[in-house]
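The transmembrane segment annotation in TrEMBL covers 18-37, 57-78, 90-110, 116-137, 149-170, 176-196, 242-263, 275-295, 307-326, 332-358, 370-390, 396-417. The domain 'Major facilitator superfamily (MFS) profile' annotation in TrEMBL covers 233-421.
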Amino acid sequence: MNETTQKPARDKVSVNRILILLFPTIIGVYGVYQAIGQVLLPAQIVSIDPTNKVHDTAMISFVESLVGTIILPVGAAISDRTRSRFGRRTPWLIISALGTALTCIGMGFMTGIAGLVVMAGLVWLFANWFQGVIYAVIPDRIPEDKRGVASSVTGMGVPVGILVFVNLASRTGQHWGYLLVGLFLLVAAVVFCIFAPEPSSLENLPQEPKEKKWKTFNFKAIGHFFSAFLHWDFTMAFISRFTFYFAAFAISSFTFYVLTDYIGTKNIPGQNPTTAVATISSIQTVAQIIAIIIFGKLADMLDRRKLVVAMSSIVYMVSFIVPLVMPNWIGMVIYAIINGAAGGVYFSVDIAVMSLVLPSKADEGRDLGILAVATSVPAALSPLVGSMLISATGTYAAVFVFGILTSFLGGVFTMLIRSVR
């Protein structure tokens, strides 16, 4: 039997149970990212080195992004090759969740920038490893006609994780904040693995030939690792995600400064930019959640996932036009509603589309990890690109124009995918 058609042992756990228990794991991993990135780490840096806080933040963010970009596909690829009675994902879910929890706790005790750099890199290593493996559960265990619902579950976990853990971290001390986000992910992973046990991977999955298990690392091996790019649909999916997420991160990195410098502090309610940022974020999140609930199931029913993703990219583009023609508070509120809803539609089917363009059953974890890199790289580069555009033009309007262009390209490249309707 060809490796691309072989199936794992029959899954005895219902799809509903898998999805219900999958949800907290997604909340947990994004809770780690956002609670640390938005609240815990900035406050810790200020307490250690307030003078160089911008430089320190940029340095740590670069290390996190570099580590995440490498480990996402590599960690998932390792799980692809794992054969055990507990399945190929379960051992690494537990190991990576435990590693995340321990390094989160350790990060809370760092009193120097060098220690923070090392510990933040380790947290991102284990958390991204976990992310790459947990997303591989979807093509492993969820039938194609349920992928839209699965995508909605994972998409919903992102805003819920951000809302819950950013607010929780802002109301706890440094040590408790790191402890809570790390332990939640570990508990969610353990519960998932116990109550939605994975079938054994000792049978029915392709075995790696013994003579090739320890073959020398060479350029041919590198080429094989990225062989999914030889497939048109996979490449189009990667490029469409890459451009869409550049649009997604284009403004989010500068929301505070857009409100203070582009809209004007005196023009926002209460003249309090911190509260205004929270308001815009909350509006986006609510709109996103509503859209996710509606469109994930709808995309499955209509079997038009590609069209839904492409349309959401175009509506996303429209959201960036609003602040250009209405550079005021009302314009930003309208932007938040449209942007949040379009983002929710995209997230509700994004994972489903990704899972349908994977060229090899044996390497689906690795290939999903590579597709996830199309998220992590824009997250790392968009602040740099945005700052260059603002410096070159002298206005934040340039970032909105950049968002228009990249979201439009995201829709175009999505429509070029051939095998997904």
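Each Cβ is built from the backbone N, Cα and C atoms, and glycine gets one as well.
TrEMBL: automatically predicted annotations, no manual curation.
For the transmembrane segment (149-170), the neighbouring stretch richest in Cβ pairs under 8 Å, chosen from 18-37, 176-196, 307-326, 332-358, 396-417, is 18-37. By the Cβ criterion (distance under 8 Å, sequence gap of 6 or more), the transmembrane segment (242-263) is not counted as touching the transmembrane segment (57-78), fewer than 3 such pairs being found.
For the transmembrane segment (57-78), same-chain residues at least 6 beyond its ends with a Cβ under 8 Å from one of its own Cβ atoms are 41-42, 45, 92, 96, 113, 116-117, 120-121, 123-125, 127-129, 131-133, 135-136, 225, 363, 365-370, 372-373, 376-377, 379-380, 383. Mean model confidence of the domain 'Major facilitator superfamily (MFS) profile' (233-421) amounts to 86 (pLDDT, 0 to 100 scale).
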